[in-house]
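Novice: Positions annotated as ATP binding site by Swiss-Prot, on the basis of sequence analysis: GLY122, THR123, HIS124, GLY125, LYS126, THR127, THR128.
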Amino acid sequence: MIRRLQDNGDLIRAFPRVHFVGIGGAGMTGIAEVMLTLGYEVSGSDNADNAATRRLATLGARVMRGHSAANVLGTDCVVVSSAIREDNPELMEARSQRIPIMPRAAMLAELMRFRHGIAVAGTHGKTTTTSLIAAVLSEGGLDPTFVIGGQLLAAGANAKLGAGQWLVVEADESDGSFLRLNPLVAVVTNIDADHLENYGNDFSRIKDAFTEFLQRLPFYGLALLCLDDPEVAELVGKARRHVMTYGIDAAADVRAEDVVQDGARMCFTLCLPEGKVIPVTLALPGRHNVLNALAASAVGWQLGVPPEVIGRALKSFVGIGRRFNDLGDVAIGNGACVRLIDDYGHHPRELEAVFAAARGGWPDKRLVVAFQPHRYSRTRDQFDAFAAVLSSVDALVLSEVYPAGEVPIPGADAKALARAIRARGRSEPVVVGQVASLIDVLPDVLQEGDLLLMMGAGDIGSIAQRIVHDGFVFGEV
């Protein structure tokens, strides 16, 4: 049936049924939740069940396990994750039925069409920065809508439909899809050589993409750029838009001075334009999180949030799931305990920042890391950097690479990485084939008082949660 647009004055309601292929992905669940709240009939499919899909089901979404052509029958639009193959039966059926198919980023752009968009781009720190911006604007009474790649612990979700005019989102550079967005404010945290496989293994193309991202701002838009990152600093002269800088760098427009770490907190002086200076306590560890907080402070200042309200939001921020998530002290037998931290970090630069935060907060503890590399291509491209940063810890357990759909690459697996680390002569890594085997191996590595970091973007986080849930009964798989 051909429907006339004039038959329904509300164009959003004219095509109410939206189906998400790969609905369980971090970038998909938030969009689905916002569309549910807007009143759409949301359905979705995924090969795996997780907490996010279960939450969507409780909110009214129809979530199917596995992919089938029948799942898209009767839908008005199909939203597809970048992880979905072109021969997926649901996509093939949608094409045959001439159902509109939209990439995830394109649907995010559609949501942004009706609000003032704030898009956070960068190789690292997007989720934390986006979350901090949402927290600052919420504390300032602006009630933003947000779509985040991780769970905002205070909200218990990674998305929320607010009544205000601002929409805060992550802008994903990994596949170039951030170039679909047309924000009013663009934040760039840093630029690093990651996801090179999507840019012809050419770092210059990644940098060019960020330049193009800023050109998508309207002439009255604003680019917020981190001056501490040398690649981002180069964008200041290329942006051709209004620019505000932030950083610990003394030349930044919004900057931090007197930065000190106090356990899991960072204390610093926030210096805002017009000479406003306030003391800030950030409830997150690490200098990298100070930079993330400065980005949020700059956005808040631009939108009129009072400085003291910005400071209050930063102090009360309780974090995001799997971003230096302190799971507390856990027993490892014989009355001994270790401190367990779960973190999503999976790039050498992220590992370096997390290790620095851990040592800064707990300098007297032995640093033990259980790491699951993510993607064979990243392990290959960053091989030497991984070996360097992982050789700096006191004890290391490696699981096999989480493939994320990739086929193994010779010389880019956990055993090869362990050999490279061992050759540096600073540590003797332990290698396990399956990530679940960490539960068996860790008791022999850990000592009383250790700080245990479980890190990676694959499924290692579920092992950390399993240990917590089972009361840290090691030795059972």
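A Cβ is built for glycine as well, from the same backbone N, Cα and C atoms used for every other residue.
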Novice: Applying the rule Cβ within 8 Å of the centroid of the Cβ atoms of GLY122, THR123, HIS124, GLY125, LYS126, THR127, THR128, what extra residues of the same chain belong around the ATP site?
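Specialist: So the additional residues around the site are VAL120, THR129, THR189, ASN190, ASN292.
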Novice: If you count other C-beta atoms within 10 angstroms, which of the binding-site residues HIS124, LYS126 is the most crowded?
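Specialist: Compared across HIS124, LYS126, the most Cβ atoms within 10 Å surround LYS126.
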Novice: Taking the Cβ of THR127 (ATP binding site) as the centre, how many other Cβ atoms fall within a 10 Å radius?
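Specialist: If we count other Cβ atoms within 10 Å of THR127 (ATP binding site), we arrive at 23.
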Novice: Just counting, how many other CB atoms are there within 10 A of the CB of THR128 (ATP binding site)?
Specialist: 29
